[in-house]
């Protein structure tokens, strides 16, 4: 799997199945089950380290887990989150840190933010580092948002998000994640940009879907997010649960209306 293949999948309407991964064993299972993209997410701060958010995750953490995932992967495309504080200062800072993640096995790095990140995205892409953007709910800004809330529900915010998506694509971003935005807006973004758009809590009309591995396996304390489906129920094994997730994404039976925000 590579960026060109993912682009071709969008063009022919084949949905892209993305799942987070943090270690070699689960990466190998996901790879075998047909997951197209493995996201080494800074969500590991919550799922693996027990923090309340992603802000404490370090660059060294992301390097380590990227290396683990790469060691267990043969086919899937590997995207690694750039953690909080590792890319916001200057494009040069972002490049130096992205190089470390690429050396650890990432094939693309993901950065959160809209128009403010355009110079950095351009800088990285011009120097050979593929970049995935992330709009909507950007977890590294959780305190600014006042919690994990649906974004871009009013007309002005929706217009800004659409403009940001177009600008990121024009700056050279090769993929885009949309998190917790209304389904109609996500559909409009997917149609407006030429790059694959991956949704999480963004409805079924994105070019692909991503979930946190632990969430889709039902491993969470308290109430699960609305956009999550527990694929472990009735699956019998973790591998089968992942296979069922991939199949549901490809068949567009996940996400359903019950997982979607309007």
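Glycine residues also receive a Cβ, built from the backbone N, Cα and C atoms like all the rest.
Annotated features, as they stand in Swiss-Prot:
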type     : residues        : note
BINDING  : 42, 81, 112     : Mg(2+) binding site
BINDING  : 42, 43, 81, 110 : 3-methyl-2-oxobutanoate binding site
ACT_SITE : 179             : active site, proton acceptor
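Of all the recorded positions listed (42, 81, 179), 179 has the fewest other CB atoms within 10 A of its CB. Cα-Cα distances to residue 43 (3-methyl-2-oxobutanoate binding site) place 81 within 10 Å, out of the recorded positions 81, 112, 179. Looking at residue 179 (active site, proton acceptor) and residue 42 (Mg(2+) binding site), their Cα atoms lie 14 Å from each other. A gap of 5 Å separates the Cα atoms of residue 110 (3-methyl-2-oxobutanoate binding site) and residue 81 (Mg(2+) binding site). Other Cβ atoms within 10 Å of the Cβ of residue 43 (3-methyl-2-oxobutanoate binding site), summed over all protein chains shown, number 21. Other Cβ atoms within 10 Å of the Cβ of residue 112 (Mg(2+) binding site), summed over all protein chains shown, number 23.
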